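K.L.:
Got a structure for you, written out below as structure tokens; questions coming shortly.
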Amino acid sequence: MKRFIVINGPNLNRLGKREPSVYGHETLGDLEALLTKTAIDLEVEVSCMQSNHEGELIDCIHRSVDEADGIIINPGAFTHYSYAIRDAIASVDLPVIEVHISNVHRREAFRHHSVVSPVTKGQIVGLGLYGYVLALTALAKGEE
Ligand code: CA2
């Protein structure tokens with residue numbers, strides 16, 4: 001059975017607790033439950049992690065080489081400036097889909113640019129938690 005890792009970056013453990021107009025009312029636990037259910041429907045395995053620490057995110061990306069068939073990542077604010085996370089993604093030979101809950105292009109200018117997008121398979125933005133469901137579906141049904 002194919003196995004996918006979902007990586008959430010800094011502050012995403014605060015989902016549902018603040019800024020519902022931007023990020024919605026659902027919590028990180030709700031997201032993980034949604035993805036677990038989606039994985040059952042798609043007949044794949046999913047495991048989720050969240051960290052506020054850049055190095056832990058990088059270690060998880062590296063470990064995924066031996067543990068997964070693909071990665072879904074929301075790097076949080078690291079999206080906009082972490083060349084280290086970009087290099088980690090580039091170092092693994094796995095399909096990686098970048099997800100953002102909010103429509104970053106409608107927000108502050110510093111959120112408009114992603115330094116990780118050039119090394120990902122694709123990017124989904126602005127569709128709330130459903131973006132993760134779409135990403136998991138794309139990986140599950142993909143050829144890679
Ligand atoms: O839209 C996204 O998913 C973001 O990756 C979320 C990041 C932000 O820095 C990116 O520009 C876009 C921030 C996550 C913070 O999450 C919070 C959740 C609830 C309350 C406060 C922050």
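Cβ coordinates are placed from backbone N, Cα and C, and glycine is handled just like the others.
Grabbed the feature section from TrEMBL, which reads as follows:
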type: SITE; residues: R18; note: site 'Transition state stabilizer'
type: ACT_SITE; residues: Y23; note: active site, proton acceptor
type: BINDING; residues: N74, H80, D87, I101, S102, R111; note: substrate binding site
type: ACT_SITE; residues: H100; note: active site, proton donor
K.L.:
Find the shortest Cα-Cα separation between R111 (substrate binding site) and the recorded positions R18, Y23, H100, and name the residue that gives it.
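P.N.:
In terms of Cα distance, R111 (substrate binding site) lies closest to H100.
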K.L.:
Just checking: which of the recorded positions Y23, D87, H100, R111 have a C-beta under 6 Å from ligand 1?
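P.N.:
Correct list: Y23, H100, R111.
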K.L.:
So of all those recorded positions, R18, Y23, H100, which one's Cα sits nearest to N74 (substrate binding site)?
P.N.:
H100
K.L.:
Applying a 10 Å Cβ distance cut-off over all chains shown, what neighbour count does I101 (substrate binding site) have?
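P.N.:
Result for I101 (substrate binding site): 24 other Cβ atoms within 10 Å.
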K.L.:
Looking only at C-alpha atoms, tell me how far H80 (substrate binding site) is from H100 (active site, proton donor), rounded to the nearest Å.
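P.N.:
Counting only the Cα atoms, the answer is 12 Å.
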K.L.:
Quick one: pull the CA-CA distance for D87 (substrate binding site) versus H100 (active site, proton donor), whole Å only.
P.N.:
19
K.L.:
Could you tell me which of these recorded positions, R18, H80, H100, R111, has the fewest other Cβ atoms within 10 Å of its Cβ?
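P.N.:
R18, out of the recorded positions R18, H80, H100, R111, has the fewest neighbouring Cβ atoms within 10 Å.
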